[in-house]
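Lifted from TrEMBL, the feature list:
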| type | residues | note |
| --- | --- | --- |
| DOMAIN | 1-75 | domain 'BBS7 beta-propeller' |
| COILED | 91-118 | coiled coil |
| DOMAIN | 133-190 | domain 'BBS7 GAE' |
């Protein structure tokens with residue numbers, strides 16, 4: 001997207017990448033764009049948009065991720081400073097918003113508990129039928145020319161418990177910063 005997120009009168013280029021990076025490029029000179037800010041998410045970005053969403057006067061970048069999460073980056077200051085010994089007072093509107101969100105969260109937690117209990121009861125009955133849910137897998141297997149390695153990237157809309165990689169040739173698995181997996185090796189059976 002293109003949006004003036006820096007408020008300098010010139011639109012910046014907002015880029016959301018498959019590796020989870022959000023980048024803001026500024027056109028300070030006519031030749032090349034300059035990377036001004038970046039932010040890393042843990043999954044690929046499907047869509048990105050700039051605009052004023054949450055609070056008047058503060059622009060935001062909204063990014064939708066592969067699994068459906070919506071993430072916002074705002075220009076609104078996170079911390080407010082009070083004078084010496086002063087307590088930060090919340091407006092009545094903000095207090096009612098917080099109270100409403102807490103009530104909604106409690107109702108959702110109760111609903112989740114009821115659904116879990118209902119599922120447990122139905123799965124333990126003699127007439128229960130189990131099926132594997134259908135879900136799509138976002139996968140990429142790309143060559144990194146710099147070090148002659150391949151990157152395997154797997155994303156699904158649920159937790160990944162195990163990934164089994166089987167190969168007819170010996171493999172060296174390299175660890176990367178974004179990897180949260182625990183790697184274990186098994187020797188190959190020649191048959």
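Positions of Cβ are set from backbone N, Cα and C atoms, glycine also.
Mapped onto DSSP classes, the domain 'BBS7 beta-propeller' (1-75) shows 0 helix, 44 strand, 31 coil. Taken residue by residue, the domain 'BBS7 GAE' (133-190) breaks down under DSSP into 0 helix, 16 strand, 42 coil.
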